[in-house]
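Colleague: Have a look at this one before I ask anything.
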Amino acid sequence: MLMKRVQQNILFRVREEKYRSRIKVLETLAAGTTKENEIVTNCMENIKLEKNRVEERERSEEKDVVRLKKEKERSDAEIRKLKQELKVVKETHENQCLELEAKAQKTKVDLEKKLKDAELQVVDSSKKVKELEKLCQHKSQRWEKKECTYQNFIDNQAGALQELNATSMSIKHEVLKTEKKYFEDLNYYGLKLKGVADAAKNYHVVLEENRRLYNEVQELKGNIRVYCRIRPFLPGQNSRQTTIEYIGENGELVVANPLKQGKDTHRLFKFNKVFGQAATQEEVFIDTRPLIRSILDGYNVCIFAYGQTGSGKTYTMSGPSITSKEEWGVNYRALNDLFLLPQSRQNSVMYEVGVQMVEIYNEQVRDILSDGGSNRRYPSLIQYRIWNTALPNGLAVPDASMHCVRSTEDVLELMNIGLMNRTVGATALNERSSRSHCVLSVHRVDRSEATGERLKEAQHINKSLSALGDVIFALAHKNPHVPYRNSKLTQVLQSSLGGQAKTLMFVQVNPDGDSYAETVSTLKFAERVSGVELGAAKSNKEGRDVRQLMEQVSSLKDVIARKDEELQNFQKQKGTNATVLKRGLSNLRLEGPSSPRRHSIGASPNARRAKASSLFGRATSDVDNCSEYSSKHSDSGSQHSSNERKHQKDYHQPSKFAGGAKGIDFDDEDVELVGLGDADSEERLSDISDSCLSMGTETDGSISSAVELTLFPEAVKPLEITERLEPHMLSQKPEKSVKMVKTEQKESRSNIPYKIPKQTVKPPGQTRPSRLSVATSSSSKALTSAKRPTISTSSSAKPLNRRR
Ligand SMILES: Nc1ncnc2c1ncn2[C@@H]1O[C@H](COP(=O)(O)OP(=O)(O)OP(=O)(O)O)[C@@H](O)[C@H]1O
């Protein structure tokens, strides 16, 4: 367009030039003629007009040119811009083209590769297809074969099924017949079983009756039983020098002097049970438990340990540590049991247990749980009287405070308080506890150089110990007079030592060879005690003749014999039933107990009679009386008894010994025991002295702690009490109760009432209270060893009611 305009401009100029030359020509011509001039003028004017128009046109065209120039510049700018854009686009395009080409190249390579792969795959696939085709062909051939086989099999099965259907129909008939027979049998055996169950129920009744009768015999005999416990060697002791040669299962113990060779050094002893060095506290207690149960059945029980110093009395009775229940000794376990048992019987009986704790020192009795703030830590030295005969409630020191307890922890707490009082008292009283045990014999006193107060203490200790020996031997020989009153200790323990009481003595043995002499003396004494019959139940039937009791014993034995026969008959009957049952239910494999365990009462009546009539009826029979115990030991019961009798014959010659310094005759062995026999050998003398000391020290010290648990007679429910108790009894109770409440307020021991009502009169028709005495006795050879004065804890358990 621009070019066009430029060309137009050029054209206009050319025309301008042309017109100008014409004007000149025309002007020349004009000059020739006017007319012509005129014409020419006209022409001129026309031309001028024309010229003006041309100029106007030229101006407008110049304007156009300017405009066009501007447009051209704009166009040029646009062209440049467009060119630049074109260039950028072109570059971009070229780049894109390059990229695309590269991509195309790459894609081409990839595609070629893929194509190759695909071709390979196609080759593989075609191979596989061929293989599969082959396989399929093979399989189809196999399936065809199998089809044929299965077809044959199905044909066979169909045939068998038809046969089975026929068989099943016949079996079904059989099953229906058997089922019918089974239900008939089941009904039959159900009836039989009911019969057996009824018989078993009767068996328990008979068993209970037998147990009761045995306990009655035991009540009449009142034997002491003796368990021997061997202490293990302590660290540092030479375990090769042991005195223990043999421990038999039936309580035999053979000791020998490891320092001397020869036959004579062997000595055989026999007790109710011997616990070896490995026996645990639990095992020891398991054999003690029946006695604890007896307490709740109404028996007084006394348990104490006896042995030389360091032989394990404290270990057996209390245990090494109160914190570990596994190591608890007999007394804590007994307490625990005593509180647990009532719980299991709480549906029928309610028990109330009270505790007393008194100290016997220098033949003075004092209450170390006495009330009153100042007496708590420094107990009053008021002397309490001991009743000549134990009261019907079993209390020997009725004025001592009684504390109601509900658990072992309560008792332990009280024991701690008592111990604290005793300890403080001891300190306040010139360390008397540490000097409280000395020697029994004059020699010992000399050797200890005891004088003044100490001599007095030793004499008191010896007095107590002698008195205990006197009591035991008096009971052994059924003396009409038992010297309980010779010492405070025997007075306090009176109701636990004779008559109705069951007594258990742990004789503790130190197996160390060096202690052989002491061990033998200790065992001799213990064996003598174990052969002791503690006399008839005089306290229970006071005023009756001993002969009457013997008559009762023999009549009871007859009753037992009859019961035995009944039991045997019943066992036979039960055996027959069991056989029938077993035969009938053989498919069900129903196995009942083959026969009830032979209770010791199962021994032949003659054997039992012989046993009961033996002067030295040993504790085995006592132990057998406890049903729990007997179930454990009954199997060996008869054998044991005969062995026992033989042994007793060998070892227990009748003796006239009835009480040491009381002027009663001694036989040789007794004399030997108290150290008055031949002193031809120093060692022997020492043994004897120690033995005596052991015995003697028991009381000091020796029975350093005694826990007595008394069971008050079982009472009826409160409602029934008003019907049954005498008015004087009812009037006494509240009086005591008031005392209890008062002291409780004083003591501010809300959970442990300070005193429980003391029954001073025995309700009619009720049995005597029972009492458990747990005592630790010790003997000492070392005169300087610290011994404690006697601590005696009495507690009473009173069943409040019994459901009917
Ligand atoms: N059965 C036992 N098992 C393990 N150790 C025992 C056993 N019996 C006793 N002992 C240990 O023997 C040592 C002495 O025992 P323990 O204090 O009971 O004798 P003890 O007869 O009470 O002495 P003492 O008469 O001097 O008071 C203690 O260390 C005790 O732990």
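Don't overthink the numbers, they just go from 1 along the chain as shown.
Including glycine, each Cβ sits where the backbone N, Cα and C put it.
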Colleague: Could you tell me which of the ranges 14-41, 546-573, 658-685, 686-713 is annotated in TrEMBL as coiled coil?
Modeller: 546-573
Colleague: Under 6 Å from ligand 1 by C-beta, which of these binding-site residues make it: GLN308, THR309, LYS313? Sequence order, please.
Modeller: THR309, LYS313
Colleague: Determine the mean pLDDT over the coiled coil (44-135), rounding to the nearest whole number.
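Modeller: Averaging the confidence scores along the coiled coil (44-135) gives 90.
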Colleague: According to DSSP, folded down to helix, strand and coil, what is GLN308 (ATP binding site)?
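Modeller: SS state of GLN308 (ATP binding site) = strand.
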Colleague: Find, among the binding-site residues listed as GLY310, SER311, the one whose Cβ has the highest number of other Cβ atoms within 10 Å in the structure shown.
Modeller: SER311
Colleague: Have a look at the binding-site residues (GLN308, THR309, THR314) and report the one with the fewest Cβ neighbours inside 10 Å.
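Modeller: Among the binding-site residues GLN308, THR309, THR314, the sparsest Cβ neighbourhood within 10 Å belongs to THR314.
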Colleague: What residue among the binding-site residues GLY307, GLY312 has the most other CB atoms lying within 10 A of its CB?
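Modeller: Most Cβ neighbours within 10 Å: GLY307.
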